[in-house]
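Enquirer: Pulled these features from TrEMBL for this protein:
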- 26-129: domain 'Alcohol dehydrogenase-like N-terminal' (DOMAIN)
- 180-288: domain 'Alcohol dehydrogenase-like C-terminal' (DOMAIN)
Amino acid sequence: MLAYSYLDQNKFGFTKKPVPQIVGTRDAIVKVMLASVCTSDLHIKGGHVPRAVRGVTVGHEMVGVVEKVGKDVRNVKAGDRVCVNVETFCGECFFCRRGFVNNCTDPLGGWALGCRIDGGLAPYVRVPFADRGLTVIPANVDYESALFVGDVLATGFWATKISQIERGDTVLILGAGPAGICTMLCAELKHPDRIIMCEQDPVRLEFLKRHYPHIFAVRPEDAKDFILGSCARGGADVVVEAAGTEKSFRMAWELARPNANVTIVALYEKAQSLPLPEMYGKNLTFRTGGVDGCDCAEILRLISEGKIDTRPLITHRFSFRDLDRAYELFEKREDGVMKIAVSME
Ligand SMILES: [Zn+2]
Ligand SMILES: [Zn+2]
């Protein structure tokens, strides 16, 4: 089969690979129906993900049909429509038992798919720990609605959860890209008083206005005056930083009220510094890192009940053979692209 792979720094392309087979008894082989491209892929391409293995098939956001399962797989069977979690995890180690599946200590644990082991931009993908990493898609949810459950929507759900948003809070989300919007959709379910999205790209601001007219949107240059002028407690109660720039990192703690939760979801390409003397006395709680993607069943239930809908994020559709073009468009952010759905057939 053809697989879309990380060939070298700044180079993705098609390679020929054998169709994956069951290796461990907890594996499943999934026939990929729909996949997506993610900003993390661009970080791999640029050489900013040290763990990424050259030659690996990229793609870590996909849905499909279970083709076959190893003999110890219980929760899914051939023919099931499933979403694939970005993380493979054993479910039994110290971290997995506490829900910190991103830090699963198994050699195949954490973000492995499309980074350290072959991912989903191929007709078939092998998923280790299939009972943990595959979730059956409810009958009333189509593939496009479920496409982001395993990665970017899981990220928004997790960011919302660890930010401990309470009823009545003002939530500031920096960055209205796919991760920021998924965070916003999940944060809405917590009934905050208001959500403010900060974004500089006029196309993304327009996207917000068109699809989510009830959400406040500000530009970075206006954010400070707006937040400090309208938040009685001297800043936002919760800040989620999903933009990933030096400027947004600074805004994250500057625009937080004292004792706020500041959640850093963005994947930076450079180190950021915390100017502790300036921050002294603000007593902020920082949470950082990558998604613990272990809530897919709950997310799919919310989609099934009509409470979360990420379909507006799919701005472009490509077929597998046109992936070079899809990545080019995504990387250059052409034509107002948010997310791309890649069909394998
Ligand atoms: Zn991703
Ligand atoms: Zn584990």
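Even glycines carry a Cβ here, placed using N, Cα and C.
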Enquirer: Could you put numbers on the helix, strand and coil content of the domain 'Alcohol dehydrogenase-like N-terminal' (26-129), residue by residue per DSSP?
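Expert: Helix, strand and coil residues of the domain 'Alcohol dehydrogenase-like N-terminal' (26-129) number 14 helix, 30 strand, 60 coil.
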Enquirer: By DSSP, what is the split of the domain 'Alcohol dehydrogenase-like C-terminal' (180-288) into helix, strand and coil residues?
Expert: 43 helix, 27 strand, 39 coil
Enquirer: If you average per-residue pLDDT over the domain 'Alcohol dehydrogenase-like C-terminal' (180-288), what number do you get?
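Expert: Looking only at the domain 'Alcohol dehydrogenase-like C-terminal' (180-288), pLDDT averages out to 95.
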